[in-house]
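Enquirer: Relevant sequence annotations retrieved from TrEMBL are reproduced here:
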type: DOMAIN; residues: 2-346; note: domain 'Aminotransferase class V'
type: BINDING; residues: Ser7, Arg40; note: L-glutamate binding site
type: BINDING; residues: Ala74, Ser75, Phe100, Thr148, Asp170, Gln193, Asn235, Thr236; note: pyridoxal 5'-phosphate binding site
type: MOD_RES; residues: Lys194; note: N6-(pyridoxal phosphate)lysine
Amino acid sequence: MVYNFNSGPSVLPKEVFAAASQAVLDFNGTGLSILEIGHRTPVFQAVLDEAVTLLKDLMALDSDHEVLFLHGGASTQFFQVPMNLLDEKAKAAYTDTGVFANKALKEAKLFGTVDVVCSSKEANYTYLPKAFSVDPQSSYIHITSNNTIYGTQWQDMSVLYEKGVPLVADMSSDILSRQLDFNRFDLIYAGAQKNIGAAGVNLVVVNKNSLGKVSRVLPTMMDYRHHIEAGSMLNTPPVFAIYVCMLTLRWLKNMGGIAAIEVENNKKAALMYETIDALPLYKGTVVKEDRSRMNACFVIEDKQVEEEFLALCKAEGMVGVKGHRSVGGFRVSMYNAMPYEGVAALADLMKYFANKKG
Ligand SMILES: *Cc1c(COP(=O)(O)O)cnc(C)c1O
């Protein structure tokens, strides 16, 4: 038995792997593989339509919010967002809360004025700053809802809602994991490979009323309005990646949707953090109130012992627990498709190892 705790690409439901493999051989009885069907065929259009409908339904989106499946990963959104929403003479507020947040603000500087309204860089991003002000004239405020590398997550969004400016969020690593009022956001983006599906596609949810306000001329492929008009088919979409997303969204709906998966995610995170806190061998790296329910980070002070535990994890089939180089130690990613049993098995191993080390 192997449990995949990788931060992304990451674990997906077994049912999704089974259905996706079947579709590679014969897609829905067409005699054709999902890898060779035309993207403008009715069979694929049905897949895309179902994925969009499932997302609108799961996220309870209103009619102003459009769902797009685009290429280029979340990293392309770092520049596509300001290209579409930040005028050259205007200003956007950015929260500097981690590696990806920092990359996003650097890209935004290419298009307008960036106001870094807060940063926890000096503390190696171990907390989320909350006491900061935002100029009401800002075109938007950009946040990273879950900082994948450091393991922090915005728990109480009201701090951000109160700022009174349009909200833009990189939700790559916690989208669909907890209930939020998604309609409060002007734009949400997420690489699919953490909680939505396979690598190769990213999700953009955009309030169409926020578009068309910048004066610059946009390349066709960079303009969200063209993608909305073309229904995410301005060019050949990543057919297979979108199919895997649709299967994962179907799975999530059958599980009871976001409300039900949030209960599971809370149980998994609670168990992991209880284990870290109960055993002095392990030290959580972020302040408790900002702990991520998706990525739990901890270290062991003795590097030699860290190596030993890593080797034990490997031997016991606990894959992908090594922390990012900027934090060190361990990072346990517990996305939607990670079963509670996986986290319980890792927690047991942590207890066993701590006891052995006395
Ligand atoms: C993984 C990740 C990214 C990068 O996503 P790509 O699809 O590889 O570009 C950006 N932001 C966050 C929060 C992430 O977790």
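Glycine residues also receive a Cβ, built from the backbone N, Cα and C atoms like all the rest.
Help me picture where these features are in the structure shown.
Expert: Classification of Arg40 (L-glutamate binding site) by DSSP places it in coil, neither helical nor stranded.
Asn235 (pyridoxal 5'-phosphate binding site) falls within neither a helix nor a strand when secondary structure is assigned with DSSP, and so counts as coil. Its Cβ taken as reference, Asn235 (pyridoxal 5'-phosphate binding site) is surrounded by 11 other Cβ atoms within 10 Å in the chains shown.
DSSP assigns Lys194 (N6-(pyridoxal phosphate)lysine) to coil in the three-state reduction, outside any helix or strand. Around Lys194 (N6-(pyridoxal phosphate)lysine), the same-chain residues six or more apart in sequence whose CB sits under 8 Å from its CB are Ser7, Gly8, Pro9, Ser10, Thr148, Ser172, Ser173, Ile175, Met294, Ser333, Tyr335, listed in sequence order.
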Enquirer: Across the listed pyridoxal 5'-phosphate-binding residues, Ala74, Ser75, Phe100, Thr148, Asp170, Gln193, Asn235, Thr236, what is the farthest Cα to Cα distance, given in whole Å?
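Expert: In whole numbers, the farthest two Cα atoms are 31 Å apart.
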Enquirer: Among Ser7, Ser75, Asp170, Thr236, the binding-site residues in the record, which have a C-beta under 6 A from ligand 1?
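Expert: Going through Ser7, Ser75, Asp170, Thr236 in sequence order, those close to ligand 1 turn out to be Ser75, Asp170.
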Enquirer: Can you check which residues sit near Gln193 (pyridoxal 5'-phosphate binding site), meaning Cβ under 8 Å from its Cβ, same chain, 6 or more apart in sequence, and list them in order?
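Expert: Sequence-distant Cβ neighbours: Gly8, Pro9, Ser10, Ala199, Gly200.
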Enquirer: Within 10 Å of the Cβ of Phe100 (pyridoxal 5'-phosphate binding site), how many other Cβ atoms can be counted across all chains shown?
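Expert: Taking every protein chain into account, the count is 21.
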Enquirer: Please give me the CB contact count at 10 A for Arg40 (L-glutamate binding site), counting all chains in the structure.
Expert: 9
Enquirer: For the binding-site residues listed here, Ser7, Ser75, Thr148, Thr236, which shows the highest count of neighbouring CB atoms within 10 A?
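Expert: The residue with the most neighbouring Cβ atoms within 10 Å is Thr148.
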Enquirer: Under 8 Å between C-beta atoms and at least six apart in sequence, can you list the same-chain neighbours of Asp170 (pyridoxal 5'-phosphate binding site), or say none if there are none?
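Expert: Set apart from Asp170 (pyridoxal 5'-phosphate binding site) by at least 6 residues yet with Cβ under 8 Å, we have Ala74, Gln77, Phe78, Phe100, Ala101, Ala104, His142, Ile143, Thr144, Ser145, Tyr189, Ala190.
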